[in-house]
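The N-acetylthreonine annotation in Swiss-Prot covers Thr2 and is backed by similarity to another entry. For Thr2, the entry in Swiss-Prot reads phosphothreonine. The transmembrane segment annotation in Swiss-Prot covers 41-61, 125-141, 153-166, 208-228, 279-295 and rests on sequence analysis. Per Swiss-Prot, the feature chlorophyll a ChlzD2 binding site maps to His118. Residues annotated as pheophytin a binding site in Swiss-Prot, with sequence analysis given as evidence: Gln130, Asn143. The chlorophyll a PD2 binding site annotation in Swiss-Prot covers His198 and is backed by sequence analysis. The Fe cation binding site annotation in Swiss-Prot covers His215, His269. Swiss-Prot lists His215, Phe262 with the feature plastoquinone binding site.
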Amino acid sequence: MTIAIGKSSKEPKGLFDSMDDWLRRDRFVFVGWSGLLLFPCAYFALGGWLTGTTFVTSWYTHGLASSYLEGCNFLTAAVSTPANSLAHSLLLLWGPEAQGDFTRWCQLGGLWTFVAFHGAFGLIGFMLRQFEIARSVQLRPYNAIAFTGPIAVFVSVFLIYPLGQSGWFFAPSFGVAGIFRFILFFQGFHNWTLNPFHMMGVAGVLGAALLCAIHGATVENTIFEDGDGANTFRAFNPTQAEETYSFVTANRFWSQIFGVAFSNKRWLHFFMLFVPVTGLWMSAVGVVGLAVNLRAYDFVSQEIRAAEDPEFETFYTKNILLNEGIRAWMAAQDQPHENLVFPEEVLPRGNAL
């Protein structure tokens, strides 16, 4: 019998392998390689938003109060966009605008770019987290694919749209009332509700809500009779592996209701994935179009006839007048640096007035 004496054949681990072992170790909160992007970015985005809504004014950028310190509440506080004069500057704390002065940086709107970019990369990190965990447990990456929808909307609205305009100033501020104002701005300046990409987005989101409600109700409807009571939560364990509802019964039910029904669970759930994600992506594509001021539907013939005939008016022409009113009021308020003045006689009036 021969005994081999010498070095072990096992090679010492390198830095990458050691980091990989530590990052992907089984723990209560999985970290992973994606966590190197997700956790710092999410921390800074949320921390920047809480700091801004609590302490930072928008007086120097919008002429507004926007913090709890100034008397705002949860619905009216916001981290507002930088001034229009700062264009597309990244507004780095150490950049030429703030020159390392934290107070001045906050006054100029530096927290907005800070929250926007850390938020975008945080969302991307969360998508990568879903991909990484799915790969480690041998799942398909459809969760990560689905999450590209919210990422596309965030990036298109908060980053691409203002990049197509004159500056970050025209992006939404990070606050409830601030985003509502941005929605009104989108309608007044882009007639967004008549844009077919917006229509597809609405169909996707509301259609997904309808599908979700129908699916949940159908599963509850077809639960096996496994106890004496009518209560859904009796006679079964919430963690059990066995199914407690009948797909065949659900299929019969919807075949009677509509005449058609999903033939298998895979097609049903793919459809529930496809509808909202496609809607979100279509709305994101539409916002990218608005970034370069693409028009959607303009029914000019109706506008000309309404201008010539006092008795002719449609819901479209009324909405066009409403948009003109939004622009007339919003432009002067939102862009005081332009010194816009609209005389009373040029403000829009409908034929009914």
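Any Cβ shown, glycine's included, is placed from N, Cα and C.
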Residue among the binding-site residues Gln130, Asn143 whose Cβ has the most other Cβ atoms within 10 Å: Gln130
Cβ atoms near the residue listed as 'chlorophyll a PD2 binding site' (within 10 Å, other residues, all chains): 22
Non-local residues, at least 6 beyond the ends, that sit with Cβ under 8 Å of the transmembrane segment (41-61): 67-70, 72, 77-83, 106-109, 111-112, 114-115, 118-119, 121-122, 125-126, 169, 173-175
Sequence-distant neighbours of His215 (Fe cation binding site) in its chain (C-beta under 8 A, six or more apart): Leu268, Met272
Which of His118, His269, all binding-site residues, has a Cβ with the fewest other Cβ atoms inside 10 Å: His269
Distance from His269 (Fe cation binding site) back to Gln130 (pheophytin a binding site), taken between C-alpha atoms, in Å: 18
Cα proximity to Asn143 (pheophytin a binding site), best match among binding-site residues His118, His198, Phe262, His269: His269
Candidates His118, Phe262, His269 (binding-site residues) with Cα within 10 Å of His198 (chlorophyll a PD2 binding site): none
Nearest-integer angstrom distance between the alpha carbons (Cα) of the residue listed as 'chlorophyll a ChlzD2 binding site' and Phe262 (plastoquinone binding site): 41
Cβ-Cβ distance under 8 Å to Phe262 (plastoquinone binding site), same chain, at least six residues away: Asn251, Trp254, Leu268, Phe271
